[in-house]
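Per TrEMBL, these features apply:
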type     : residues : note
ACT_SITE : B:Glu46  : active site, proton acceptor
ACT_SITE : B:Asp57  : active site, proton acceptor
Amino acid sequence: MATTSAFQPNARGYYGEFGGAFIPEMLYPNVEELREQYLTILADPDFQRDYQQLLRDFVGRPTPLFEAKRLSARYGTRIFLKREDLCHTGAHKVNNTVGQILLAQRLGKTRIIAETGAGQHGVATATVCALMGMECIVYMGKTDTERQRPNVERMRLLGAEVRPVTSGSQTLKDATNEAIRDWISNPVDTHYIIGSVVGPHPYPDLVARLQAIISEEIRKQLLEKVGRELPDYVVACVGGGSNAAGAFYHFLDEPSVKLIAVEAAGKGIKSGHSAATSVLGKPGIIHGSRTLLMQDEDGQITEPYSLSAGLDYPGIGPLHAFLGASGRARFISIEDEPALRAVAELSRLEGIIPALETAHALAALDQIGAGPEDIVVLNLSGRGDKDLDTYLKYAEQMH
Amino acid sequence: MNRIQQAFQKKGKDLLNIYFTAGYPTLDATVPLIQTLAAAGADLIEIGMPFSDPLADGPVIQQSSTAALANGMNMRVLFRQLQDIRQTVPDTPLLLMGYLNPVMQFGVENFCRQAAEAGVDGIILPDLPLDDYVNEYQEIFRRHNLKPVFLITPQTSEARIRRIDELTDSFLYLVSGPGTTGGQNTQSEGVQEAYFERIAAMNLRNPRLIGFGIGDKASFARACSYAEGAIIGSAFIRALEGAEDAPAAAKAFVSSVLH
């Protein structure tokens, strides 16, 4: 696994002023154990053999890099879609859970916990736990269990226990709180598989490294297809930011590659119903990390809104906060409505129904400034099956 | 010597530390509760600064925090409420307990200055990393004569406990077992006993208070047999829940633990 330099966290887990590990003492030994061992385990040939084999034979990697010609014609540039929607379980999330379950085994853990919002990470975690015969408990906000019912059933079918979370606003933020509380209560036998590049160090780096396979493949595939490894633009949606971290990773130190991170503006930046953390957030601490987060003037964390359950997180990963602050990445916010229009557009132009999260990245294509000679890689992070109800409701409103 | 150290020196053992959430059950309950607790025999008082996402807390303190925020509690209101507290409660050590983010947004310097002006003695911020405390906070705390309190758990290594002891001039907060506040202890008494005795045998500079899962006369007495005293939080807040007269409920609760 190649590493990049300028955008790696320092020894204390900081990207610039963002990152760190702000955790109660009860979590300290767990997080410290992980910090001390993750790089060694990830570099171990035995781990790499198992990880690569599972990515190939179980996940179905490499995922294709597909030149979307009709979409390209529509936007007057050359667009390639990185087909993470074709991963087993339907999204990029499984790249991380495959790696973390192997890590958990090597740490001697027997019980797995996870948080989930839309349910994609929960399903990906339940899937690898079934594969490895490990106990799996998924925390999910009660509101989300109701609006993402099919994913709850999938997790249960896979043998996981889904625990609806009734504290706070009953969504992803609260599910994460509850998973952390479970870890506090079960410090010895349990590994917490965080689903995004958030949480205390080393999680943001761990998850970014496990998702980095996305950009590793993009470079090789682009070289085969167009004779150069570097695109002009890489576009990805950002909730916590795991698919963007994976798509950006091997381009971070390539300044010619413009990195575009697309957030959910919900009903509009100024509407009070938004999840555009890079615009609305201030530095603070959420889930053990110093990063940008949406909060009121008293430092109470506020509830974000997006029609997409995978983007309504009140923070962003510390790497992304740093990419924004340093100017390395450009952030664009997309509202619900244009995202929904982008779903219909990609479906009809390319025969691909994208996830609502991914649709935010698609809806930003006319804002990135790409010209006819440019090569744009858009990370198609997930497929849209889970969002069909939302899409149908929107289609009805349009008639 | 600070008020915390004086309290330990004066009594030596069986110290009762009561936690409650500021602004709960009503916004203006903070000061009457401190006065009642001190008069009823609490040896130390922890004033919880409510936070939207209290990671180390169980359901009872989460709910009291949510209620307190809905009641309008915030740092400015709290310091306004506390500004004359030392006129009526001169000696009982007061500690502020909460999470780092609201303190950061208020400004650490500003927070420490106002806490010191109100007569607060100690600060407990469970998610403040030890290294960050040393590098960024220690000097400010010292300048305002505020004493940090750090948590120790059954998994905390001996070297780390010694380091925490070195950085402390108040007491060590011994978390009784794995779990958040107010949880039932799942480990056997033998395991817990071995942990408390291991810490006691380390001959640390600071006295120890045991917290998490202590809630009545029996559990308080048992904790006191392994340490200088204990901390009660969730059980006290449960006693305030739905009480028409919060100070009366507080007085009855403390009495039930001590007598």
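Backbone N, Cα and C atoms are what each Cβ position is placed from, and that goes for glycine too.
When the alpha carbons of B:Glu46 (active site, proton acceptor) and B:Asp57 (active site, proton acceptor) are compared, the span between them is 14 angstrom. Residue environment of B:Asp57 (active site, proton acceptor) contains 28 other Cβ atoms, counted within 10 Å of its Cβ in all protein chains. For the recorded site, B:Asp57 (active site, proton acceptor), the DSSP three-state label reads coil. Over all protein chains present, the Cβ of B:Glu46 (active site, proton acceptor) has 26 other Cβ atoms lying within 10 Å. DSSP assigns B:Glu46 (active site, proton acceptor) to a strand.
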